[in-house]
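A.B. asks: I have a structure here, written as C-alpha coordinates, and I will follow up with some questions on it.
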Amino acid sequence: MRVAVIGAGVIGLSTALCIHERYHPTQPLHMKIYADRFTPFTTSDVAAGLWQPYLSDPSNPQEAEWSQQTFDYLLSCLHSPNAEKMGLALISGYNLFRDEVPDPFWKNAVLGFRKLTPSEMDLFPDYGYGWFNTSLLLEGKSYLPWLTERLTERGVKLIHRKVESLEEVARGVDVIINCTGVWAGALQADASLQPGRGQIIQVEAPWIKHFILTHDPSLGIYNSPYIIPGSKTVTLGGIFQLGNWSGLNSVRDHNTIWKSCCKLEPTLKNARIVGELTGFRPVRPQVRLEREWLHFGSSSAEVIHNYGHGGYGLTIHWGCAMEAANLFGKILEEKKLSRLPPSHL
(Lines of atoms letter the chains of each structure in order from A and count residues from 1; the text may use other names and numbers.)
(Lines give C-alpha, C1' and ligand atoms only; values in the text may rest on other atoms or scores of the structure.)
Protein backbone atom coordinates (compact mmCIF):
# COMPACT_ATOMS: atom_id res chain seq x y z
CA MET A 1 0.00 0.00 0.00
CA ARG A 2 1.55 3.28 -1.15
CA VAL A 3 0.73 6.35 0.92
CA ALA A 4 1.63 10.01 0.34
CA VAL A 5 1.26 12.43 3.25
CA ILE A 6 1.36 16.13 2.36
CA GLY A 7 2.36 18.42 5.22
CA ALA A 8 4.87 18.04 8.04
CA GLY A 9 3.36 20.07 10.86
CA VAL A 10 2.00 18.37 13.95
CA ILE A 11 -1.09 17.16 12.04
CA GLY A 12 0.82 15.58 9.15
CA LEU A 13 3.50 13.91 11.27
CA SER A 14 1.14 12.59 13.95
CA THR A 15 -1.33 11.29 11.35
CA ALA A 16 1.48 9.53 9.49
CA LEU A 17 2.79 7.96 12.70
CA CYS A 18 -0.63 6.87 13.93
CA ILE A 19 -1.46 5.18 10.61
CA HIS A 20 1.97 3.56 10.29
CA GLU A 21 1.95 2.21 13.86
CA ARG A 22 -1.55 0.79 13.52
CA TYR A 23 -1.44 -0.81 10.06
CA HIS A 24 2.16 -1.39 8.93
CA PRO A 25 2.61 -4.58 11.03
CA THR A 26 -0.21 -6.33 9.10
CA GLN A 27 -0.30 -4.37 5.82
CA PRO A 28 3.15 -3.15 4.71
CA LEU A 29 2.97 0.57 3.95
CA HIS A 30 5.30 2.47 1.66
CA MET A 31 4.86 5.97 3.06
CA LYS A 32 6.36 9.27 1.94
CA ILE A 33 5.85 12.67 3.58
CA TYR A 34 6.05 15.69 1.25
CA ALA A 35 6.50 19.21 2.60
CA ASP A 36 8.23 22.44 1.69
CA ARG A 37 8.65 23.17 5.42
CA PHE A 38 9.84 20.76 8.06
CA THR A 39 10.57 21.51 11.70
CA PRO A 40 11.67 24.07 12.89
CA PHE A 41 9.93 26.08 10.15
CA THR A 42 6.28 24.99 10.50
CA THR A 43 3.31 26.73 12.10
CA SER A 44 3.40 24.08 14.85
CA ASP A 45 6.91 25.22 15.81
CA VAL A 46 5.59 28.72 16.58
CA ALA A 47 2.88 27.44 18.95
CA ALA A 48 3.50 27.63 22.70
CA GLY A 49 1.81 24.23 23.01
CA LEU A 50 -0.66 24.65 25.86
CA TRP A 51 -3.47 22.07 25.74
CA GLN A 52 -6.62 24.17 25.78
CA PRO A 53 -9.51 24.14 23.29
CA TYR A 54 -11.56 27.22 22.49
CA LEU A 55 -13.94 28.32 25.24
CA SER A 56 -17.11 27.94 23.16
CA ASP A 57 -18.57 24.56 22.28
CA PRO A 58 -17.28 23.34 18.90
CA SER A 59 -19.79 23.31 16.03
CA ASN A 60 -18.80 19.68 15.45
CA PRO A 61 -19.20 17.70 18.72
CA GLN A 62 -16.54 15.26 17.51
CA GLU A 63 -13.92 17.97 17.98
CA ALA A 64 -14.52 17.94 21.74
CA GLU A 65 -14.02 14.17 21.67
CA TRP A 66 -10.81 14.45 19.61
CA SER A 67 -9.43 17.04 22.04
CA GLN A 68 -10.26 14.77 24.99
CA GLN A 69 -8.58 11.82 23.27
CA THR A 70 -5.48 13.93 22.74
CA PHE A 71 -5.36 14.97 26.40
CA ASP A 72 -5.81 11.36 27.54
CA TYR A 73 -3.08 10.14 25.18
CA LEU A 74 -0.63 12.82 26.31
CA LEU A 75 -1.44 12.22 29.97
CA SER A 76 -0.65 8.53 29.45
CA CYS A 77 2.76 9.55 28.02
CA LEU A 78 3.57 11.94 30.87
CA HIS A 79 5.56 9.47 32.98
CA SER A 80 7.11 7.60 30.06
CA PRO A 81 10.84 7.91 29.31
CA ASN A 82 9.84 9.81 26.14
CA ALA A 83 8.06 12.70 27.88
CA GLU A 84 11.08 15.00 28.13
CA LYS A 85 12.11 14.45 24.49
CA MET A 86 8.50 14.96 23.40
CA GLY A 87 8.46 18.36 25.11
CA LEU A 88 5.61 17.18 27.35
CA ALA A 89 5.00 18.47 30.89
CA LEU A 90 2.28 19.45 33.34
CA ILE A 91 1.54 23.16 33.60
CA SER A 92 -0.90 25.12 35.76
CA GLY A 93 -2.32 28.58 35.33
CA TYR A 94 -5.09 31.10 34.98
CA ASN A 95 -7.85 32.05 32.56
CA LEU A 96 -9.02 35.61 33.26
CA PHE A 97 -12.20 37.48 32.30
CA ARG A 98 -13.76 40.89 32.95
CA ASP A 99 -17.10 39.34 33.93
CA GLU A 100 -18.42 35.95 34.96
CA VAL A 101 -18.71 33.41 32.13
CA PRO A 102 -20.05 29.83 31.90
CA ASP A 103 -17.62 26.99 32.58
CA PRO A 104 -15.97 25.60 29.43
CA PHE A 105 -16.94 22.23 27.94
CA TRP A 106 -13.45 20.91 28.73
CA LYS A 107 -13.48 21.65 32.47
CA ASN A 108 -13.61 17.94 33.36
CA ALA A 109 -10.82 17.07 30.93
CA VAL A 110 -8.15 19.17 32.66
CA LEU A 111 -6.97 18.57 36.21
CA GLY A 112 -8.26 20.48 39.24
CA PHE A 113 -10.47 22.99 37.42
CA ARG A 114 -11.87 25.60 39.83
CA LYS A 115 -12.96 29.23 40.03
CA LEU A 116 -10.51 31.77 41.39
CA THR A 117 -10.90 32.99 44.96
CA PRO A 118 -11.26 36.71 45.78
CA SER A 119 -7.66 36.83 47.04
CA GLU A 120 -6.45 35.31 43.75
CA MET A 121 -8.47 37.85 41.79
CA ASP A 122 -6.64 40.59 43.73
CA LEU A 123 -3.52 39.52 41.83
CA PHE A 124 -5.20 40.63 38.60
CA PRO A 125 -6.93 43.98 39.32
CA ASP A 126 -8.08 44.49 35.72
CA TYR A 127 -10.14 41.29 35.77
CA GLY A 128 -13.25 40.30 37.70
CA TYR A 129 -13.50 36.56 37.19
CA GLY A 130 -11.29 33.59 36.43
CA TRP A 131 -10.41 29.90 36.54
CA PHE A 132 -7.37 27.94 37.65
CA ASN A 133 -6.46 24.47 36.39
CA THR A 134 -3.59 22.15 35.57
CA SER A 135 -3.18 21.19 31.92
CA LEU A 136 -0.45 19.88 29.66
CA LEU A 137 2.26 21.64 27.70
CA LEU A 138 3.44 20.05 24.46
CA GLU A 139 6.16 22.16 22.85
CA GLY A 140 6.21 21.85 19.08
CA LYS A 141 9.93 22.60 18.89
CA SER A 142 10.56 19.32 20.75
CA TYR A 143 7.55 17.27 19.70
CA LEU A 144 8.00 17.67 15.94
CA PRO A 145 11.63 16.43 15.98
CA TRP A 146 10.49 13.53 18.19
CA LEU A 147 7.72 12.58 15.74
CA THR A 148 10.13 12.94 12.82
CA GLU A 149 12.61 10.59 14.48
CA ARG A 150 9.90 7.99 15.15
CA LEU A 151 8.86 8.09 11.49
CA THR A 152 12.35 7.83 10.02
CA GLU A 153 13.10 4.92 12.36
CA ARG A 154 10.10 3.17 10.81
CA GLY A 155 11.41 3.73 7.29
CA VAL A 156 9.08 6.57 6.31
CA LYS A 157 10.72 8.81 3.70
CA LEU A 158 10.70 12.60 4.08
CA ILE A 159 10.75 14.57 0.82
CA HIS A 160 11.50 18.29 0.96
CA ARG A 161 9.40 19.58 -1.90
CA LYS A 162 6.49 21.92 -2.42
CA VAL A 163 3.49 20.02 -3.75
CA GLU A 164 1.56 22.20 -6.19
CA SER A 165 -1.45 19.89 -6.68
CA LEU A 166 -2.93 16.66 -5.35
CA GLU A 167 -2.55 15.21 -8.85
CA GLU A 168 1.21 15.71 -8.60
CA VAL A 169 1.55 12.96 -5.97
CA ALA A 170 -1.40 10.80 -7.07
CA ARG A 171 0.40 8.74 -9.71
CA GLY A 172 1.32 5.35 -8.29
CA VAL A 173 -0.21 6.17 -4.90
CA ASP A 174 -3.18 4.42 -3.26
CA VAL A 175 -3.96 6.98 -0.55
CA ILE A 176 -3.13 10.68 -0.19
CA ILE A 177 -3.31 12.23 3.29
CA ASN A 178 -3.83 15.99 2.98
CA CYS A 179 -2.50 17.76 6.11
CA THR A 180 -1.50 21.05 4.52
CA GLY A 181 -3.05 23.35 7.12
CA VAL A 182 -3.62 26.92 6.04
CA TRP A 183 -2.21 26.15 2.57
CA ALA A 184 -4.81 23.46 1.79
CA GLY A 185 -6.72 25.94 -0.36
CA ALA A 186 -3.86 25.96 -2.87
CA LEU A 187 -4.42 22.24 -3.54
CA GLN A 188 -8.22 22.30 -3.57
CA ALA A 189 -10.45 25.36 -3.35
CA ASP A 190 -11.92 25.81 0.14
CA ALA A 191 -13.80 29.06 0.74
CA SER A 192 -14.17 28.20 4.44
CA LEU A 193 -10.41 28.22 5.10
CA GLN A 194 -8.64 31.43 6.11
CA PRO A 195 -5.34 32.39 7.72
CA GLY A 196 -5.52 33.60 11.30
CA ARG A 197 -2.24 35.46 11.55
CA GLY A 198 -0.51 35.38 14.91
CA GLN A 199 2.67 36.95 16.24
CA ILE A 200 4.53 36.02 19.41
CA ILE A 201 7.48 37.29 21.42
CA GLN A 202 9.76 34.81 23.21
CA VAL A 203 11.53 36.02 26.35
CA GLU A 204 13.84 34.68 29.02
CA ALA A 205 11.81 34.86 32.23
CA PRO A 206 12.45 31.71 34.30
CA TRP A 207 10.55 33.20 37.26
CA ILE A 208 7.26 32.86 35.32
CA LYS A 209 5.82 29.48 36.34
CA HIS A 210 2.11 29.71 35.45
CA PHE A 211 0.30 30.38 32.20
CA ILE A 212 -2.01 33.42 32.14
CA LEU A 213 -4.63 33.62 29.39
CA THR A 214 -6.92 36.63 29.22
CA HIS A 215 -10.22 36.80 27.35
CA ASP A 216 -12.05 39.86 26.05
CA PRO A 217 -15.14 39.03 23.97
CA SER A 218 -15.09 42.50 22.41
CA LEU A 219 -11.66 41.81 20.90
CA GLY A 220 -12.35 38.24 19.76
CA ILE A 221 -10.35 35.08 20.31
CA TYR A 222 -6.55 35.29 20.74
CA ASN A 223 -6.61 39.11 20.63
CA SER A 224 -6.11 39.44 24.39
CA PRO A 225 -2.71 39.12 26.06
CA TYR A 226 -1.44 35.70 27.06
CA ILE A 227 1.70 34.44 28.78
CA ILE A 228 2.75 30.79 28.49
CA PRO A 229 6.01 29.57 30.05
CA GLY A 230 7.91 26.82 28.26
CA SER A 231 10.94 24.71 29.10
CA LYS A 232 13.43 27.41 28.07
CA THR A 233 11.51 30.56 27.14
CA VAL A 234 8.20 32.25 27.87
CA THR A 235 5.80 32.95 24.99
CA LEU A 236 3.93 36.27 24.93
CA GLY A 237 1.05 36.75 22.54
CA GLY A 238 -2.31 38.19 21.83
CA ILE A 239 -2.60 38.69 18.06
CA PHE A 240 -5.25 37.15 15.79
CA GLN A 241 -5.80 38.71 12.35
CA LEU A 242 -8.21 36.83 10.13
CA GLY A 243 -7.32 36.96 6.44
CA ASN A 244 -3.90 38.55 6.95
CA TRP A 245 -1.20 36.72 4.94
CA SER A 246 1.72 38.91 6.02
CA GLY A 247 4.57 36.72 7.26
CA LEU A 248 6.61 39.69 8.46
CA ASN A 249 6.91 40.59 12.13
CA SER A 250 4.97 43.80 12.73
CA VAL A 251 6.37 46.55 14.98
CA ARG A 252 2.83 47.61 15.82
CA ASP A 253 1.87 44.07 16.87
CA HIS A 254 5.12 43.75 18.83
CA ASN A 255 4.27 46.90 20.78
CA THR A 256 0.70 45.69 21.41
CA ILE A 257 1.92 42.35 22.79
CA TRP A 258 4.73 43.85 24.87
CA LYS A 259 2.65 46.62 26.42
CA SER A 260 -0.34 44.40 27.27
CA CYS A 261 1.73 41.49 28.63
CA CYS A 262 3.89 43.79 30.77
CA LYS A 263 0.73 45.34 32.18
CA LEU A 264 -0.58 41.86 32.97
CA GLU A 265 2.73 40.71 34.49
CA PRO A 266 4.93 43.77 35.29
CA THR A 267 8.06 41.68 36.01
CA LEU A 268 8.29 40.96 32.28
CA LYS A 269 9.72 44.45 31.78
CA ASN A 270 13.02 42.98 32.98
CA ALA A 271 12.88 39.99 30.63
CA ARG A 272 15.29 39.65 27.72
CA ILE A 273 13.65 39.19 24.32
CA VAL A 274 15.20 36.21 22.53
CA GLY A 275 12.83 35.65 19.61
CA GLU A 276 9.87 36.89 17.63
CA LEU A 277 7.83 34.76 15.25
CA THR A 278 4.82 35.07 12.96
CA GLY A 279 2.60 32.19 11.84
CA PHE A 280 -0.78 31.43 10.29
CA ARG A 281 -3.46 29.45 12.10
CA PRO A 282 -5.55 27.39 9.62
CA VAL A 283 -8.96 28.82 10.58
CA ARG A 284 -12.13 27.04 9.51
CA PRO A 285 -15.64 26.81 11.01
CA GLN A 286 -14.76 23.19 11.77
CA VAL A 287 -11.95 20.74 11.09
CA ARG A 288 -12.12 19.06 7.70
CA LEU A 289 -11.53 15.38 8.43
CA GLU A 290 -13.08 13.20 5.73
CA ARG A 291 -12.49 10.89 2.79
CA GLU A 292 -12.77 11.85 -0.86
CA TRP A 293 -12.23 9.84 -4.04
CA LEU A 294 -10.51 11.97 -6.68
CA HIS A 295 -9.86 11.27 -10.36
CA PHE A 296 -6.87 12.84 -12.11
CA GLY A 297 -7.11 12.00 -15.80
CA SER A 298 -5.92 8.40 -16.11
CA SER A 299 -5.13 8.06 -12.39
CA SER A 300 -7.23 8.23 -9.24
CA ALA A 301 -6.65 8.05 -5.50
CA GLU A 302 -8.38 8.02 -2.16
CA VAL A 303 -7.76 11.26 -0.25
CA ILE A 304 -8.10 11.74 3.49
CA HIS A 305 -8.32 15.44 4.34
CA ASN A 306 -7.18 16.47 7.83
CA TYR A 307 -6.79 20.24 8.13
CA GLY A 308 -8.40 23.40 9.49
CA HIS A 309 -7.49 23.03 13.18
CA GLY A 310 -7.28 26.77 13.88
CA GLY A 311 -5.15 27.67 16.87
CA TYR A 312 -5.60 24.33 18.62
CA GLY A 313 -3.69 21.86 16.43
CA LEU A 314 -1.55 20.56 19.29
CA THR A 315 -4.66 20.34 21.48
CA ILE A 316 -6.59 18.13 19.05
CA HIS A 317 -3.90 16.46 16.93
CA TRP A 318 -3.85 12.89 18.27
CA GLY A 319 -7.63 12.49 18.31
CA CYS A 320 -7.69 13.65 14.68
CA ALA A 321 -4.80 11.32 13.82
CA MET A 322 -6.75 8.39 15.28
CA GLU A 323 -9.86 9.36 13.31
CA ALA A 324 -7.79 9.63 10.11
CA ALA A 325 -6.38 6.17 10.91
CA ASN A 326 -9.96 4.87 11.27
CA LEU A 327 -10.78 6.24 7.80
CA PHE A 328 -7.59 4.66 6.46
CA GLY A 329 -8.68 1.32 7.95
CA LYS A 330 -12.00 1.54 6.12
CA ILE A 331 -10.13 2.08 2.85
CA LEU A 332 -8.02 -1.01 3.55
CA GLU A 333 -11.13 -3.08 4.27
CA GLU A 334 -12.83 -1.92 1.07
CA LYS A 335 -9.75 -2.72 -0.99
CA LYS A 336 -9.59 -6.22 0.53
CA LEU A 337 -13.28 -6.80 -0.20
CA SER A 338 -12.88 -5.61 -3.79
CA ARG A 339 -10.13 -8.21 -4.32
CA LEU A 340 -12.22 -11.13 -3.05
CA PRO A 341 -13.42 -13.54 -5.77
CA PRO A 342 -17.16 -13.38 -6.47
CA SER A 343 -19.34 -15.71 -4.43
CA HIS A 344 -21.06 -18.55 -6.32
CA LEU A 345 -23.55 -19.30 -3.54
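Even glycines carry a Cβ here, placed using N, Cα and C.
Keep in mind that this is a model prediction, so the values were computed, not measured.
Among the features that Swiss-Prot reports, region 'Required for protein stability' is placed at 1-16. Per Swiss-Prot, FAD binding site is recorded for 8-11, 36-37, 42-44, 48-50, 162-163, T180, R281, 310-311, 313-315, and the stated evidence type is similarity to another entry. The annotation D-dopa binding site is assigned in Swiss-Prot to Q52, R281, G311. Here Swiss-Prot flags Y222, Y226, R281, G311 as D-serine binding site, drawing on similarity to another entry. Residues annotated as D-proline binding site in Swiss-Prot: Y226, R281, G311.
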A.B. asks: Relative to the Cα of Y222 (D-serine binding site), which of the binding-site residues I11, A48, Q52, K162, G313 have a Cα no more than 10 Å away?
C.D. replies: none
A.B. asks: Determine the mean pLDDT over the region 'Required for protein stability' (1-16), rounding to the nearest whole number.
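C.D. replies: Looking only at the region 'Required for protein stability' (1-16), pLDDT averages out to 98.
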A.B. asks: Using Cβ-Cβ distances, find the residues under 8 Å from Q52 (D-dopa binding site) that belong to the same chain and are at least 6 apart in sequence, listing them in sequence order.
C.D. replies: W106, V110, S135, L213, Y312, T315
A.B. asks: Hey, which of the binding-site residues A8, I11, A48 is the loneliest by Cβ count within 10 Å?
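C.D. replies: Among the binding-site residues A8, I11, A48, the sparsest Cβ neighbourhood within 10 Å belongs to A48.
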A.B. asks: For the binding-site residues Y222, Y226, which one has the sparsest Cβ surroundings, going by other Cβ atoms within 10 Å?
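C.D. replies: So among Y222, Y226, the binding-site residues given, the one with the fewest Cβ atoms within 10 Å is Y222.
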A.B. asks: Quick test of the contact rule: Cβ under 8 Å, at least six residues beyond the ends. What residues does that give for the region 'Required for protein stability' (1-16)?
C.D. replies: 23, 27-35, 37-39, 42-44, 140, 143-144, 147-148, 151, 156, 158, 163, 166, 169-170, 172-181, 187, 306-307, 309, 313-314, 317-318, 320-321, 324-325, 332, 335
A.B. asks: Report, in whole Å, the straight Cα-to-Cα distance of Y226 (D-serine binding site) from G313 (FAD binding site).
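C.D. replies: Between the alpha carbons of G313 (FAD binding site) and Y226 (D-serine binding site) there are 18 Å.
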A.B. asks: Tell me whether A48 (FAD binding site) sits in a helix, a strand or coil according to DSSP.
C.D. replies: coil
A.B. asks: Can you break down the region 'Required for protein stability' (1-16) into helix, strand and coil residue counts using DSSP?
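C.D. replies: Final tally across the stretch: 7 helix, 5 strand, 4 coil.
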